[in-house]
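Structure first, commentary second.
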Amino acid sequence: MLSLSPILLYTCEMFQDPVAFKDVAVNFTQEEWALLDISQKNLYREVMLETFWNLTSIGKKWKDQNIEYEYQNPRRNFRSVTEEKVNEIKEDSHCGETFTPVPDDRLNFQKKKASPEVKSCDSFVCEVGLGNSSSNMNIRGDTGHKACECQEYGPKPWKSQQPKKAFRYHPSLRTQERDHTGKKPYACKECGKNIIYHSSIQRHMVVHSGDGPYKCKFCGKAFHCLSLYLIHERTHTGEKPYECKQCGKSFSYSATHRIHERTHIGEKPYECQECGKAFHSPRSCHRHERSHMGEKAYQCKECGKAFMCPRYVRRHERTHSRKKLYECKQCGKALSSLTSFQTHIRMHSGERPYECKTCGKGFYSAKSFQRHEKTHSGEKPYKCKQCGKAFTRSGSFRYHERTHTGEKPYECKQCGKAFRSAPNLQLHGRTHTGEKPYQCKECGKAFRSASQLRIHRRIHTGEKPYECKKCGKAFRYVQNFRFHERTQTHKNALWRKTL
(Lines of atoms letter the chains of each structure in order from A; the text may use other names.)
(Lines give C-alpha, C1' and ligand atoms only; values in the text may rest on other atoms or scores of the structure.)
Protein backbone atom coordinates (compact mmCIF):
# COMPACT_ATOMS: atom_id res chain seq x y z
CA MET A 1 0.00 0.00 0.00
CA LEU A 2 1.25 3.48 -0.88
CA SER A 3 0.63 6.38 1.46
CA LEU A 4 1.66 9.96 0.72
CA SER A 5 2.43 10.57 4.36
CA PRO A 6 3.81 8.64 7.31
CA ILE A 7 1.34 7.25 9.79
CA LEU A 8 0.72 10.11 12.15
CA LEU A 9 -0.46 9.36 15.63
CA TYR A 10 -2.62 11.79 17.50
CA THR A 11 -3.59 11.54 21.11
CA CYS A 12 -6.24 13.03 23.32
CA GLU A 13 -5.45 14.06 26.88
CA MET A 14 -8.63 12.37 28.04
CA PHE A 15 -7.87 8.98 26.49
CA GLN A 16 -4.59 7.11 26.72
CA ASP A 17 -5.10 4.76 23.71
CA PRO A 18 -3.36 5.86 20.50
CA VAL A 19 -5.36 6.32 17.28
CA ALA A 20 -3.65 6.14 13.89
CA PHE A 21 -4.31 8.49 10.96
CA LYS A 22 -4.56 5.38 8.76
CA ASP A 23 -7.90 4.61 10.43
CA VAL A 24 -9.48 7.53 8.57
CA ALA A 25 -7.09 7.94 5.60
CA VAL A 26 -7.73 6.55 2.11
CA ASN A 27 -4.76 4.70 0.56
CA PHE A 28 -4.04 3.53 -3.00
CA THR A 29 -1.89 0.74 -4.40
CA GLN A 30 0.98 1.62 -6.77
CA GLU A 31 -1.13 0.49 -9.74
CA GLU A 32 -4.21 2.47 -8.64
CA TRP A 33 -2.19 5.62 -7.99
CA ALA A 34 -0.60 5.46 -11.46
CA LEU A 35 -4.07 5.50 -13.06
CA LEU A 36 -5.07 8.78 -11.38
CA ASP A 37 -4.67 12.05 -13.31
CA ILE A 38 -3.29 15.27 -11.77
CA SER A 39 -6.70 16.71 -10.85
CA GLN A 40 -7.67 13.47 -9.07
CA LYS A 41 -4.39 13.48 -7.13
CA ASN A 42 -4.98 17.11 -6.15
CA LEU A 43 -8.49 16.23 -5.03
CA TYR A 44 -7.07 13.38 -2.92
CA ARG A 45 -4.72 15.79 -1.15
CA GLU A 46 -7.58 18.22 -0.49
CA VAL A 47 -9.74 15.48 1.00
CA MET A 48 -6.90 14.36 3.27
CA LEU A 49 -6.35 17.96 4.42
CA GLU A 50 -10.06 18.37 5.14
CA THR A 51 -9.97 15.15 7.14
CA PHE A 52 -7.05 16.49 9.14
CA TRP A 53 -8.80 19.78 9.98
CA ASN A 54 -12.06 18.03 10.80
CA LEU A 55 -10.24 15.82 13.31
CA THR A 56 -8.40 18.73 14.92
CA SER A 57 -11.64 20.70 15.21
CA ILE A 58 -13.13 18.05 17.51
CA GLY A 59 -10.31 18.44 19.99
CA LYS A 60 -7.55 16.02 18.91
CA LYS A 61 -3.91 16.88 19.61
CA TRP A 62 -1.62 15.69 16.81
CA LYS A 63 1.82 14.35 17.51
CA ASP A 64 3.01 15.84 14.21
CA GLN A 65 1.75 19.35 13.49
CA ASN A 66 3.27 19.23 9.99
CA ILE A 67 0.68 17.14 8.11
CA GLU A 68 -0.92 20.07 6.28
CA TYR A 69 2.46 21.31 5.10
CA GLU A 70 3.31 17.83 3.81
CA TYR A 71 0.08 17.23 1.90
CA GLN A 72 0.45 20.55 0.14
CA ASN A 73 4.08 19.64 -0.72
CA PRO A 74 4.01 15.83 -1.18
CA ARG A 75 7.49 15.64 -2.73
CA ARG A 76 9.15 18.18 -0.43
CA ASN A 77 12.67 17.30 0.73
CA PHE A 78 12.42 17.67 4.50
CA ARG A 79 16.20 17.49 4.95
CA SER A 80 16.75 20.66 2.89
CA VAL A 81 14.02 22.47 4.82
CA THR A 82 15.56 21.51 8.14
CA GLU A 83 19.07 22.56 7.14
CA GLU A 84 17.77 25.94 5.91
CA LYS A 85 18.62 28.78 8.32
CA VAL A 86 19.48 26.37 11.11
CA ASN A 87 21.17 28.90 13.37
CA GLU A 88 18.79 31.78 12.68
CA ILE A 89 17.81 33.93 15.64
CA LYS A 90 14.29 35.35 15.31
CA GLU A 91 14.07 39.15 15.40
CA ASP A 92 10.97 39.11 17.57
CA SER A 93 12.53 36.71 20.08
CA HIS A 94 10.87 36.46 23.46
CA CYS A 95 13.51 34.45 25.26
CA GLY A 96 16.71 34.88 23.18
CA GLU A 97 17.05 31.17 22.32
CA THR A 98 18.79 30.08 19.12
CA PHE A 99 17.77 27.11 16.99
CA THR A 100 20.10 24.19 16.39
CA PRO A 101 19.85 21.54 13.66
CA VAL A 102 18.75 18.00 14.31
CA PRO A 103 21.18 15.09 13.75
CA ASP A 104 20.89 13.37 10.37
CA ASP A 105 19.58 10.11 11.78
CA ARG A 106 16.54 11.95 13.15
CA LEU A 107 15.50 13.27 9.74
CA ASN A 108 14.65 9.89 8.24
CA PHE A 109 11.45 9.46 10.19
CA GLN A 110 9.48 8.76 7.01
CA LYS A 111 11.26 5.44 6.64
CA LYS A 112 10.26 4.33 10.13
CA LYS A 113 7.01 2.69 11.03
CA ALA A 114 5.00 3.95 13.96
CA SER A 115 4.97 1.56 16.85
CA PRO A 116 1.47 0.56 17.98
CA GLU A 117 2.74 0.63 21.57
CA VAL A 118 3.51 4.35 21.50
CA LYS A 119 1.25 5.82 24.16
CA SER A 120 0.20 9.38 24.81
CA CYS A 121 1.76 11.39 27.57
CA ASP A 122 1.06 14.66 29.32
CA SER A 123 3.46 16.62 27.14
CA PHE A 124 4.03 20.29 27.73
CA VAL A 125 2.35 22.40 25.05
CA CYS A 126 2.43 26.07 24.15
CA GLU A 127 0.30 28.06 26.56
CA VAL A 128 -0.11 31.00 24.20
CA GLY A 129 -2.19 28.96 21.76
CA LEU A 130 -2.48 28.95 17.99
CA GLY A 131 -4.23 31.73 16.11
CA ASN A 132 -7.04 29.41 15.04
CA SER A 133 -8.81 28.96 18.35
CA SER A 134 -11.44 26.71 16.80
CA SER A 135 -9.02 23.89 16.12
CA ASN A 136 -8.23 23.39 19.80
CA MET A 137 -4.90 21.88 18.83
CA ASN A 138 -3.22 23.13 22.00
CA ILE A 139 -4.33 21.35 25.16
CA ARG A 140 -2.64 22.65 28.31
CA GLY A 141 -0.47 20.13 30.02
CA ASP A 142 0.57 19.79 33.62
CA THR A 143 2.81 22.79 34.32
CA GLY A 144 4.99 20.72 36.58
CA HIS A 145 6.38 18.49 33.79
CA LYS A 146 8.91 19.06 31.07
CA ALA A 147 8.21 18.24 27.43
CA CYS A 148 8.28 14.48 27.05
CA GLU A 149 10.55 12.78 24.56
CA CYS A 150 9.04 10.49 21.94
CA GLN A 151 10.54 6.99 22.28
CA GLU A 152 10.26 6.35 18.56
CA TYR A 153 11.49 9.61 17.06
CA GLY A 154 13.40 11.26 19.90
CA PRO A 155 13.19 14.90 21.00
CA LYS A 156 11.88 17.66 18.75
CA PRO A 157 14.87 19.77 17.70
CA TRP A 158 13.18 23.06 16.86
CA LYS A 159 12.01 25.00 19.88
CA SER A 160 9.55 27.88 19.75
CA GLN A 161 10.62 31.18 21.27
CA GLN A 162 7.19 31.35 22.86
CA PRO A 163 7.25 29.01 25.90
CA LYS A 164 6.38 25.32 25.95
CA LYS A 165 6.04 24.20 22.34
CA ALA A 166 8.56 22.16 20.35
CA PHE A 167 8.51 21.25 16.65
CA ARG A 168 10.16 18.50 14.67
CA TYR A 169 10.51 20.67 11.54
CA HIS A 170 11.45 24.27 10.93
CA PRO A 171 8.32 25.09 8.79
CA SER A 172 6.12 24.16 11.76
CA LEU A 173 8.14 26.51 13.95
CA ARG A 174 7.73 29.41 11.54
CA THR A 175 4.00 28.72 11.31
CA GLN A 176 3.59 28.71 15.10
CA GLU A 177 5.61 31.92 15.52
CA ARG A 178 3.31 33.68 13.04
CA ASP A 179 0.28 32.46 14.96
CA HIS A 180 1.62 34.17 18.11
CA THR A 181 2.68 37.44 16.50
CA GLY A 182 -0.36 37.72 14.21
CA LYS A 183 1.91 38.50 11.23
CA LYS A 184 0.30 37.99 7.82
CA PRO A 185 3.14 38.44 5.32
CA TYR A 186 1.18 37.49 2.19
CA ALA A 187 -1.35 39.94 0.70
CA CYS A 188 -3.85 39.24 -2.09
CA LYS A 189 -3.27 41.63 -5.01
CA GLU A 190 -6.93 41.45 -6.00
CA CYS A 191 -8.74 42.33 -2.75
CA GLY A 192 -5.93 43.27 -0.33
CA LYS A 193 -6.71 40.48 2.14
CA ASN A 194 -3.72 39.59 4.35
CA ILE A 195 -2.94 35.88 4.76
CA ILE A 196 -0.52 34.03 7.06
CA TYR A 197 0.55 31.11 4.83
CA HIS A 198 1.81 31.09 1.24
CA SER A 199 -0.19 27.93 0.52
CA SER A 200 -3.35 29.66 1.77
CA ILE A 201 -2.94 32.62 -0.60
CA GLN A 202 -2.71 30.20 -3.53
CA ARG A 203 -5.99 28.66 -2.45
CA HIS A 204 -7.50 32.13 -1.89
CA MET A 205 -6.62 33.26 -5.44
CA VAL A 206 -8.94 30.55 -6.80
CA VAL A 207 -11.85 32.69 -5.53
CA HIS A 208 -10.84 35.50 -7.92
CA SER A 209 -9.90 33.27 -10.85
CA GLY A 210 -13.30 31.55 -10.82
CA ASP A 211 -11.65 28.13 -11.28
CA GLY A 212 -12.32 25.12 -9.11
CA PRO A 213 -13.88 21.66 -9.28
CA TYR A 214 -16.87 22.60 -7.07
CA LYS A 215 -19.26 24.98 -8.82
CA CYS A 216 -22.28 26.56 -7.14
CA LYS A 217 -25.50 25.72 -9.02
CA PHE A 218 -27.13 28.95 -7.81
CA CYS A 219 -24.59 31.62 -8.79
CA GLY A 220 -21.86 29.74 -10.68
CA LYS A 221 -19.08 30.62 -8.23
CA ALA A 222 -16.32 27.98 -8.15
CA PHE A 223 -14.43 26.63 -5.13
CA HIS A 224 -11.20 24.70 -4.71
CA CYS A 225 -12.45 22.45 -1.91
CA LEU A 226 -15.71 20.78 -0.96
CA SER A 227 -15.97 22.26 2.54
CA LEU A 228 -15.86 25.87 1.25
CA TYR A 229 -18.42 25.01 -1.41
CA LEU A 230 -20.83 23.55 1.17
CA ILE A 231 -20.40 26.59 3.44
CA HIS A 232 -21.06 28.94 0.49
CA GLU A 233 -24.29 27.10 -0.41
CA ARG A 234 -25.75 28.18 2.94
CA THR A 235 -25.85 31.78 1.68
CA HIS A 236 -28.40 30.63 -0.93
CA THR A 237 -30.32 28.03 1.08
CA GLY A 238 -30.44 30.11 4.27
CA GLU A 239 -29.31 27.12 6.34
CA LYS A 240 -28.11 28.12 9.82
CA PRO A 241 -26.91 25.00 11.64
CA TYR A 242 -25.17 26.77 14.54
CA GLU A 243 -27.62 27.85 17.26
CA CYS A 244 -26.82 29.90 20.36
CA LYS A 245 -27.97 28.06 23.50
CA GLN A 246 -28.40 31.34 25.38
CA CYS A 247 -30.71 33.31 23.06
CA GLY A 248 -31.61 30.85 20.30
CA LYS A 249 -30.09 32.94 17.50
CA SER A 250 -28.83 30.84 14.57
CA PHE A 251 -25.75 31.29 12.39
CA SER A 252 -24.52 29.96 9.06
CA TYR A 253 -20.88 29.76 10.13
CA SER A 254 -19.22 28.30 13.21
CA ALA A 255 -16.81 31.27 13.47
CA THR A 256 -19.71 33.77 13.58
CA HIS A 257 -21.41 31.58 16.18
CA ARG A 258 -18.28 31.58 18.39
CA ILE A 259 -17.92 35.36 18.16
CA HIS A 260 -21.60 35.79 19.06
CA GLU A 261 -21.25 33.55 22.12
CA ARG A 262 -18.58 35.91 23.46
CA THR A 263 -21.18 38.69 23.65
CA HIS A 264 -23.06 36.66 26.29
CA ILE A 265 -20.06 35.78 28.45
CA GLY A 266 -18.42 39.18 27.95
CA GLU A 267 -15.21 37.67 26.58
CA LYS A 268 -13.14 40.11 24.51
CA PRO A 269 -9.82 38.40 23.82
CA TYR A 270 -8.54 40.83 21.17
CA GLU A 271 -7.08 44.06 22.57
CA CYS A 272 -6.00 47.23 20.76
CA GLN A 273 -2.31 47.88 21.42
CA GLU A 274 -2.83 51.64 21.07
CA CYS A 275 -5.69 52.35 23.50
CA GLY A 276 -6.36 48.99 25.21
CA LYS A 277 -9.93 48.67 23.92
CA ALA A 278 -11.02 45.01 23.71
CA PHE A 279 -13.02 43.25 20.97
CA HIS A 280 -14.89 40.00 20.42
CA SER A 281 -13.26 39.24 17.04
CA PRO A 282 -9.81 39.81 15.46
CA ARG A 283 -11.40 41.54 12.46
CA SER A 284 -13.08 44.18 14.67
CA CYS A 285 -9.80 44.77 16.51
CA HIS A 286 -7.81 45.11 13.28
CA ARG A 287 -10.39 47.52 11.83
CA HIS A 288 -10.29 49.60 15.03
CA GLU A 289 -6.46 49.75 15.05
CA ARG A 290 -6.51 51.22 11.55
CA SER A 291 -8.72 54.05 12.78
CA HIS A 292 -5.89 55.23 15.08
CA MET A 293 -3.60 55.64 12.11
CA GLY A 294 -6.33 57.33 10.07
CA GLU A 295 -5.49 54.80 7.38
CA LYS A 296 -7.96 54.55 4.49
CA ALA A 297 -6.11 52.45 1.95
CA TYR A 298 -9.04 51.31 -0.20
CA GLN A 299 -10.44 53.86 -2.65
CA CYS A 300 -13.59 53.85 -4.78
CA LYS A 301 -12.66 53.98 -8.49
CA GLU A 302 -15.88 55.82 -9.31
CA CYS A 303 -15.86 58.77 -6.88
CA GLY A 304 -12.51 58.51 -5.07
CA LYS A 305 -14.02 58.02 -1.61
CA ALA A 306 -11.60 56.13 0.68
CA PHE A 307 -12.35 53.32 3.15
CA MET A 308 -10.49 51.41 5.85
CA CYS A 309 -11.21 47.89 4.57
CA PRO A 310 -12.00 46.28 1.17
CA ARG A 311 -15.41 45.08 2.38
CA TYR A 312 -16.54 48.69 2.90
CA VAL A 313 -15.32 49.87 -0.50
CA ARG A 314 -17.06 46.93 -2.25
CA ARG A 315 -20.31 47.76 -0.46
CA HIS A 316 -19.93 51.43 -1.41
CA GLU A 317 -19.18 50.65 -5.07
CA ARG A 318 -22.53 48.87 -5.32
CA THR A 319 -24.24 52.23 -4.69
CA HIS A 320 -22.90 53.45 -8.06
CA SER A 321 -24.08 50.42 -10.04
CA ARG A 322 -27.28 49.79 -8.07
CA LYS A 323 -30.58 51.32 -9.19
CA LYS A 324 -31.80 54.07 -6.91
CA LEU A 325 -35.31 52.83 -6.21
CA TYR A 326 -36.33 55.28 -3.48
CA GLU A 327 -36.94 58.89 -4.52
CA CYS A 328 -37.73 61.69 -2.07
CA LYS A 329 -40.88 63.59 -3.10
CA GLN A 330 -39.76 66.71 -1.24
CA CYS A 331 -36.36 67.31 -2.83
CA GLY A 332 -36.16 64.67 -5.58
CA LYS A 333 -33.08 62.96 -4.16
CA ALA A 334 -32.88 59.24 -5.05
CA LEU A 335 -31.49 56.62 -2.66
CA SER A 336 -30.53 52.99 -3.19
CA SER A 337 -31.54 51.50 0.19
CA LEU A 338 -34.71 51.71 2.26
CA THR A 339 -32.84 52.56 5.50
CA SER A 340 -31.03 55.49 3.83
CA PHE A 341 -34.34 56.69 2.40
CA GLN A 342 -36.09 56.52 5.80
CA THR A 343 -33.23 58.45 7.45
CA HIS A 344 -33.37 61.07 4.69
CA ILE A 345 -37.16 61.54 5.12
CA ARG A 346 -36.62 62.26 8.83
CA MET A 347 -34.39 65.21 7.91
CA HIS A 348 -37.36 66.83 6.18
CA SER A 349 -39.95 65.88 8.80
CA GLY A 350 -37.71 66.73 11.76
CA GLU A 351 -38.45 63.33 13.34
CA ARG A 352 -35.70 62.11 15.68
CA PRO A 353 -36.61 58.67 17.04
CA TYR A 354 -33.25 58.08 18.77
CA GLU A 355 -33.09 60.07 21.99
CA CYS A 356 -30.13 60.34 24.35
CA LYS A 357 -31.15 59.44 27.93
CA THR A 358 -28.40 61.59 29.38
CA CYS A 359 -29.10 64.94 27.68
CA GLY A 360 -32.36 64.33 25.80
CA LYS A 361 -30.90 65.20 22.39
CA GLY A 362 -32.61 63.45 19.46
CA PHE A 363 -31.08 61.92 16.32
CA TYR A 364 -32.24 60.88 12.85
CA SER A 365 -30.25 57.65 12.71
CA ALA A 366 -28.95 54.98 15.09
CA LYS A 367 -25.39 55.58 13.87
CA SER A 368 -25.49 59.28 14.80
CA PHE A 369 -27.00 58.39 18.17
CA GLN A 370 -24.27 55.82 18.97
CA ARG A 371 -21.61 58.34 17.97
CA HIS A 372 -23.15 60.95 20.29
CA GLU A 373 -23.28 58.56 23.28
CA LYS A 374 -19.47 58.43 23.29
CA THR A 375 -19.36 62.13 24.15
CA HIS A 376 -20.98 61.36 27.53
CA SER A 377 -18.76 58.38 28.33
CA GLY A 378 -15.71 60.61 28.01
CA GLU A 379 -13.97 58.03 25.84
CA LYS A 380 -11.59 59.73 23.41
CA PRO A 381 -9.33 57.08 21.87
CA TYR A 382 -8.03 59.24 19.00
CA LYS A 383 -5.22 61.55 20.12
CA CYS A 384 -3.39 64.09 17.98
CA LYS A 385 0.39 63.65 18.18
CA GLN A 386 0.98 67.29 17.27
CA CYS A 387 -1.07 69.08 19.94
CA GLY A 388 -2.34 66.29 22.20
CA LYS A 389 -6.04 67.02 21.57
CA ALA A 390 -8.21 63.89 21.84
CA PHE A 391 -11.31 62.96 19.84
CA THR A 392 -14.26 60.61 20.16
CA ARG A 393 -14.47 59.76 16.46
CA SER A 394 -11.83 58.82 13.91
CA GLY A 395 -13.44 61.15 11.34
CA SER A 396 -13.12 64.18 13.65
CA PHE A 397 -9.53 63.17 14.40
CA ARG A 398 -8.61 63.00 10.69
CA TYR A 399 -10.34 66.34 10.04
CA HIS A 400 -8.38 67.92 12.91
CA GLU A 401 -5.05 66.56 11.62
CA ARG A 402 -5.64 68.45 8.38
CA THR A 403 -5.64 71.74 10.32
CA HIS A 404 -1.96 71.00 11.11
CA THR A 405 -0.99 69.75 7.66
CA GLY A 406 -3.14 72.26 5.73
CA GLU A 407 -4.40 69.41 3.57
CA LYS A 408 -7.68 70.06 1.71
CA PRO A 409 -8.31 66.96 -0.39
CA TYR A 410 -11.89 67.77 -1.43
CA GLU A 411 -11.97 70.23 -4.36
CA CYS A 412 -15.01 71.80 -6.01
CA LYS A 413 -15.04 71.04 -9.76
CA GLN A 414 -17.03 74.21 -10.46
CA CYS A 415 -14.86 76.89 -8.82
CA GLY A 416 -11.75 75.02 -7.62
CA LYS A 417 -12.29 75.83 -3.93
CA ALA A 418 -10.90 73.10 -1.65
CA PHE A 419 -12.25 71.73 1.63
CA ARG A 420 -11.00 69.57 4.49
CA SER A 421 -14.04 67.26 4.55
CA ALA A 422 -16.51 65.73 2.09
CA PRO A 423 -19.62 67.12 3.91
CA ASN A 424 -18.20 70.67 3.63
CA LEU A 425 -17.68 70.17 -0.11
CA GLN A 426 -21.21 68.78 -0.48
CA LEU A 427 -22.67 71.78 1.37
CA HIS A 428 -20.62 74.18 -0.76
CA GLY A 429 -21.84 72.44 -3.94
CA ARG A 430 -25.39 73.54 -3.12
CA THR A 431 -24.35 77.19 -3.53
CA HIS A 432 -23.75 76.42 -7.23
CA THR A 433 -26.83 74.26 -7.77
CA GLY A 434 -29.13 76.36 -5.58
CA GLU A 435 -30.41 73.19 -3.93
CA LYS A 436 -32.17 73.72 -0.59
CA PRO A 437 -33.49 70.33 0.52
CA TYR A 438 -34.46 71.26 4.10
CA GLN A 439 -37.79 73.05 4.31
CA CYS A 440 -39.51 74.54 7.37
CA LYS A 441 -43.03 73.16 7.92
CA GLU A 442 -44.14 76.31 9.70
CA CYS A 443 -43.29 78.97 7.12
CA GLY A 444 -42.06 77.03 4.09
CA LYS A 445 -38.59 78.60 4.08
CA ALA A 446 -35.90 76.25 2.68
CA PHE A 447 -32.27 75.76 3.73
CA ARG A 448 -29.12 74.15 2.38
CA SER A 449 -28.30 72.15 5.53
CA ALA A 450 -30.13 70.43 8.38
CA SER A 451 -28.26 72.56 10.94
CA GLN A 452 -29.52 75.78 9.30
CA LEU A 453 -33.10 74.47 9.45
CA ARG A 454 -32.64 73.47 13.10
CA ILE A 455 -31.43 76.96 14.03
CA HIS A 456 -34.27 78.58 12.06
CA ARG A 457 -36.93 76.51 13.84
CA ARG A 458 -35.99 78.19 17.14
CA ILE A 459 -37.82 81.28 15.88
CA HIS A 460 -41.06 79.28 15.85
CA THR A 461 -40.44 77.24 19.02
CA GLY A 462 -38.97 80.12 21.04
CA GLU A 463 -36.06 77.92 22.11
CA LYS A 464 -33.02 79.78 23.50
CA PRO A 465 -30.40 77.16 24.37
CA TYR A 466 -27.51 79.51 25.20
CA GLU A 467 -27.76 80.99 28.71
CA CYS A 468 -25.35 83.39 30.40
CA LYS A 469 -24.22 82.03 33.78
CA LYS A 470 -23.57 85.51 35.17
CA CYS A 471 -26.85 87.29 34.43
CA GLY A 472 -29.15 84.46 33.34
CA LYS A 473 -29.99 86.01 29.97
CA ALA A 474 -30.71 83.44 27.21
CA PHE A 475 -29.96 83.59 23.49
CA ARG A 476 -31.23 81.89 20.36
CA TYR A 477 -27.95 81.99 18.44
CA VAL A 478 -24.44 81.11 19.62
CA GLN A 479 -22.96 84.22 17.95
CA ASN A 480 -25.19 86.52 20.03
CA PHE A 481 -24.33 84.57 23.18
CA ARG A 482 -20.56 84.91 22.60
CA PHE A 483 -20.89 88.65 21.87
CA HIS A 484 -22.84 89.05 25.13
CA GLU A 485 -20.13 87.19 27.09
CA ARG A 486 -17.44 89.52 25.73
CA THR A 487 -19.44 92.62 26.69
CA GLN A 488 -19.95 91.21 30.18
CA THR A 489 -16.20 90.63 30.54
CA HIS A 490 -15.48 94.17 29.28
CA LYS A 491 -18.00 95.70 31.71
CA ASN A 492 -16.47 93.80 34.62
CA ALA A 493 -13.00 95.04 33.67
CA LEU A 494 -14.19 98.69 33.57
CA TRP A 495 -15.99 98.26 36.89
CA ARG A 496 -12.80 96.95 38.54
CA LYS A 497 -10.82 99.96 37.26
CA THR A 498 -13.28 102.41 38.89
CA LEU A 499 -12.81 100.76 42.30
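Each residue, glycine too, has its Cβ placed from N, Cα and C.
According to Swiss-Prot, the domain 'KRAB' annotation covers 19-101.
Annotation source Swiss-Prot lists zinc finger at 186-208 (among others), citing sequence analysis.
Helix, strand and coil counts from DSSP across the zinc finger (214-236) read 11 helix, 4 strand, 8 coil. Annotation source Swiss-Prot lists zinc finger at 214-236 (among others).
According to Swiss-Prot, the feature zinc finger maps to 242-264 (among others), an assignment based on sequence analysis.
The zinc finger feature in Swiss-Prot is assigned to 270-292 (among others); the stated evidence is sequence analysis. Across the zinc finger (270-292), DSSP classifies residues as 11 helix, 4 strand, 8 coil.
Here Swiss-Prot flags 298-320 (among others) as zinc finger, drawing on sequence analysis.
Swiss-Prot lists 326-348 (among others) with the feature zinc finger. Non-local neighbours of the zinc finger (326-348) in the same chain are 318-319, 364-365, 435, 437-439, 450; each lies 6+ residues outside the stretch with a CB under 8 Å from one of its CB atoms.
Here the zinc finger (354-376) is broken down by DSSP into helix, strand and coil counts: 11 helix, 4 strand, 8 coil. The zinc finger annotation in Swiss-Prot covers 354-376 (among others) and is backed by sequence analysis.
Mean model confidence for the zinc finger (382-404) is a pLDDT of 85. Annotation source Swiss-Prot lists zinc finger at 382-404 (among others).
If you look at the zinc finger (410-432), the same-chain residues 6 or more away from its ends with a CB under 8 A from one of its CBs are 305, 395, 399, 402-403, 448-449. Sequence annotations record features per position, and here Swiss-Prot assigns zinc finger to 410-432 (among others) based on sequence analysis.
Long-range neighbours of the zinc finger (438-460) within the same chain, counting only residues 6 or more positions beyond its ends whose Cβ lies under 8 Å from a Cβ of the stretch, are 330, 347-350, 427, 430-431, 476-477. Residues or ranges marked as zinc finger in Swiss-Prot (evidence: sequence analysis): 438-460 (among others).
Same-chain neighbours of the zinc finger (466-490): 455, 458-459, counting only residues six or more beyond its ends whose CB sits under 8 Å from a CB of the stretch. Sequence annotations record features per position, and here Swiss-Prot assigns zinc finger to 466-490 (among others) based on sequence analysis.
Away from its own ends, the zinc finger (382-404) comes close to residues 291-292, 294, 371, 374-375, 420-421 of its chain (Cβ-Cβ under 8 Å, at least six residues beyond either end).
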